[in-house]
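Student: Take a look at the following structure, please.
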Amino acid sequence: MSQMTYKRVLLKLSGESLAGRQLTGIDPDTVAVLCNELSSVIELGLQIALVIGGGNIFRGLSASAKGMDRSSADYMGMLATVLNALAIQDTLEKKGHPTRVLSAIAMQEVCEPYVRRRAMRHLEKGRVIICAAGTGNPYFTTDTAAALRCMELKCDALIKATRVDGVYDKDPLKFDDAEMFKHLTYEETLRRHIKIMDSTAITLAQENNIPIIVCNMFNGSIKRAILGQNPGTTVEGE
């Protein structure tokens with residue numbers, strides 16, 4: 001077997017990835033397929049933390065643009081991430097992988113509160129952890145939450161799994177001639193406003209020298225990224 005490049009990673013998933021063809025809500029069949037991908041990664045023996053968005057259920061920024069109070073909209077979006085986290089937890093545990101959901105907003109009846117030292121201990125014991133409810137604060141995206149948890153938990157890399165194979169010069173779902181970047185620097189990504197993650201998340205990764213790997217969430221790409229095979233786009237320093 002190939003040697004793992006990373007021992008502990010944070011995996012960022014979009015909420016839309018759980019919706020499947022229905023585009024909204026949680027599709028159990030899609031969740032099952034996604035968890036099969038995650039299972040193959042977990043079985044490598046590395047420590048894995050997940051951050052999942054909530055856009056399949058509610059998008060705070062979109063609601064704010066239509067007149068809803070921004071803080072209220074963002075809190076609703078955070079609650080949506082908890083629903084997604086519980087769906088992933090249930091499916092992973094049915095596959096035999098002990099999983100803990102840790103929420104930045106206290107709701108002890110359904111999940112644990114996010115406490116950094118507790119999260120680290122779960123990882124050390126071989127449990128998958130899912131960090132839910134973003135940062136617990138409005139005005140911060142789940143991309144920023146992913147970068148923050150990545151630093152706090154001392155992960156070796158931040159992997160963003162998407163519906164496409166990496167980062168392109170234009171939307172590959174709309175343009176057949178779109179070209180994929182294999183490598184980008186943090187500076188280039190910020191300067192060219194390449195929409196990998198929001199600028200706060202990229203800056204956090206840059207300041208802490210954490211590579212960001214963007215790859216497809218299916219077809220074994222996450223596993224190949226762990227093994228250092230660079231299946232998508234890697235963003236790092238010079």
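Any Cβ shown, glycine's included, is placed from N, Cα and C.
Note that the structure is a prediction, hence the values are computed from the model and not measured.
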Student: Swiss-Prot has G54, T135, G136, N137, P138, Y139, F140, T141, T142 binding UMP. Which one of D29, D74, D165 is in the same site?
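Tutor: Among the candidates, Swiss-Prot records only D74 at this UMP site.
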Student: At the Cα level, what's the spacing in Å between T135 (UMP binding site) and K12 (ATP binding site), rounded?
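Tutor: With distance taken Cα to Cα, K12 (ATP binding site) is 14 Å from T135 (UMP binding site).
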Student: Near S14 (ATP binding site), meaning Cα within 10 Å, which of G54, N137, Y139, T141 (binding-site residues)?
Tutor: G54
Student: List the Cα distance (Å, whole number) between K12 (ATP binding site) and G54 (UMP binding site).
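Tutor: Given the Cα positions, K12 (ATP binding site) is 12 Å from G54 (UMP binding site).
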Student: Taking Cα atoms as reference points, which of the binding-site residues N137, Y139, T141 is nearest to G55 (ATP binding site)?
Tutor: T141
Student: Check the DSSP secondary structure of T162 (ATP binding site), expressed as helix, strand or coil.
Tutor: strand
Student: Under DSSP, is T141 (UMP binding site) helix, strand or coil?
Tutor: coil
